[in-house]
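K.L.:
The following block contains the structure, expressed as structure tokens.
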Number of protein chains: 4
Amino acid sequence: MSKVQKNKIKKESSLISSAFELFSTKGINETSISNIVHKAGVAKGTFYLYFKDKYDILNKIILNKSSNLLIESMNATKSKNFTNYEESVLFFIDYIIEYFNNNKFMLKLIYKNLSWGILKKASNEYEGIHEIYDFFMTLYKDSAINQQDVEKTLFIIIELVGSVCYSSIILNEPDNIDKMKPILFDTIKKII
Amino acid sequence: MSKVQKNKIKKESSLISSAFELFSTKGINETSISNIVHKAGVAKGTFYLYFKDKYDILNKIILNKSSNLLIESMNATKSKNFTNYEESVLFFIDYIIEYFNNNKFMLKLIYKNLSWGILKKASNEYEGIHEIYDFFMTLYKDSAINQQDVEKTLFIIIELVGSVCYSSIILNEPDNIDKMKPILFDTIKKII
Amino acid sequence: MSKVQKNKIKKESSLISSAFELFSTKGINETSISNIVHKAGVAKGTFYLYFKDKYDILNKIILNKSSNLLIESMNATKSKNFTNYEESVLFFIDYIIEYFNNNKFMLKLIYKNLSWGILKKASNEYEGIHEIYDFFMTLYKDSAINQQDVEKTLFIIIELVGSVCYSSIILNEPDNIDKMKPILFDTIKKII
Amino acid sequence: MSKVQKNKIKKESSLISSAFELFSTKGINETSISNIVHKAGVAKGTFYLYFKDKYDILNKIILNKSSNLLIESMNATKSKNFTNYEESVLFFIDYIIEYFNNNKFMLKLIYKNLSWGILKKASNEYEGIHEIYDFFMTLYKDSAINQQDVEKTLFIIIELVGSVCYSSIILNEPDNIDKMKPILFDTIKKII
DNA sequence: GATGAATGAGAATTCATTCAT
DNA sequence: AATGAATGAATTCTCATTCAT
């Protein structure tokens, strides 16, 4: 990789990490492109060489962070070599919950963006995402339920986890995450 | 009520309905206070007599609209005189889903703000909200499960419905609401 | 005095004292009529029944406060029955300085407004102000210097005291008031 | 100096001179940033590239103008090669008075801001200001009085001149500047 | 006399975007 | 490719003043 190429990547990732930190701490509406380039230590014009506008960099961040989280969770789950579906799903979910519990900023940022739409988009760009589908499908292969319903159920679970995490971790409503977890896991068990 | 008092209420509700329509159609970020007062036909300064800023009026709208929806759903459910809990819950949920299906703008606006936190705040201001708790608690009174867990389960169901509605009605992900409903209802049946 | 009359005076003085406190603490530019009426506990329209605008009430305050200060100083000086001019003047000056030293807010507020112009205006409205002239003129009556020059010298002294007080008490420049006093008094002695 | 640098200086000084003229003619409170940028022929945002707010540009103007005046007065005095202190001081003062007499706007603007505090701040930024101290100190070197008292006396004289000029030139109180000058000079002679 | 809701002009300030260097 | 000065439209918010009650 040439020096110029390296420099470009350095600038882009500097912009991304600066934007992420500002979005997390100040909020998206309150973060301006000026803020981002200042923190990143690059010129204003440079921003537009890499991103269209604030929402472009935001979407790229969300896609990147949530894909990484899902892939990480999947790999951790795989490495455990669970033999039944339920155990796998619960471990996968718990991994995500704990991540959010330790990264409240990220939960705030990607809250309501960890959705099917994002996942589908991501699967084009991030190798590894489609593996997640495959993984869960495999686990379910002996079931009588058809594939499409498995997908929808998986979707419902992910939506549920996101909502409950946000409400309990960020707002402590209706209770903190440790109190909610048993009920949530119980609910998931009932679902699958 | 004096002429002045009547006029005040007229101005405030004019601002609220104008803001709601603009938020729904243009989006929140794209709606300015100038837009709102222009549509409401009042002077700019008048806005600040009633609301602190854009987010103040937004929160008041969300609180008001979601409270009304819940109370309406509850009343509709009550009038059916169901004898078992499951039927009641499903009817209640279906009422909400159909409302969202017919009022996509409102779904967008109060997207995932139909939450426990909102409900708690609302129960101070909107008489009728705490009736919802009471209603569901009564239905469950014969169950062995303790009250707090009933509350949490109810919370989980409401969160789930909000998320699934948004994703399926607005984004058509992973499928449209009619395809999602059976799975969603099946899931809820499993939960309760 | 009728109840109505009493009420009017109460409102006016409430406005004056509120304005004085706000001007002193927040500064003149940063004080609005809204602030004043809010603090005074009267309606906005009421302000305009008593004063033309912010600068009207400000001028009235300055006139009132500085006249009172001068009359107070003069009376205190008179009561000492000094037999020579120098002692009288220095006591008079010292009284003013100490007042400012203990009322920094007032020094800030009336700074540069304790001038001949104000005094002249005041002498029409505040009985007692012209006594100050008379008092100093009497003290100087045996001098060979003509009356007009006495007046100008007195003016110069007052201007000097005002400037030095502001600079030393508020800004501590070039030194604090206790360090400046000997030099200031020495200077005044040389002048008279 | 690059083209860009030249252009920056042109814009900044255009803003400064526009602001000065507006402050002088309309008054500070009545001058808005809109007025300034319009007169300067630059965009509104440009103002904020150079100054924090109206008071920032005002302070910079006062600092600049009063420093220049003092340096100019000093140089004029130096060029006369006076041999005694009194003559020097009186010439220096007279130069300032005449300047104010011919530039009433500037007198109004920097009214009583021609003070020690300003001088001290200025001496960091404007080379030549500390020369004024040195110059007067040198003249006084044979005197028995200690340096600090010379400084304070100089301060008192400058404060006095500022106050008297404002009152007599702007307000004609207690008399016009020509009538006041003999008394003022007489007073200064007594002081030194 | 007193009130305070309403006004709307206008002030301050921000910010995405451009473009000459 | 990178810069950052400049833009000016847009936005928020304030506030003196009025006037119907």
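First residue shown is number 1, and so on along the chain.
Glycine is no exception: its Cβ is also placed from the backbone N, Cα and C atoms.
According to TrEMBL, the protein carries these features:
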DNA_BIND  D:32-51  DNA-binding region
DOMAIN    D:9-69  domain 'HTH tetR-type'
K.L.:
As a test of reading the model: what is the averaged pLDDT for the DNA-binding region (D:32-51)?
P.N.:
97
K.L.:
Taking a Cβ cut-off under 8 Å, which residues six or more beyond the ends of the DNA-binding region (D:32-51) line up next to it in the same chain?
P.N.:
11-12, 14-15, 17-19, 21-22, 26, 57, 60
K.L.:
Counting by DSSP, what is the helix, strand and coil composition of the DNA-binding region (D:32-51)?
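P.N.:
Split into helix, strand and coil, the DNA-binding region (D:32-51) gives 15 helix, 0 strand, 5 coil.
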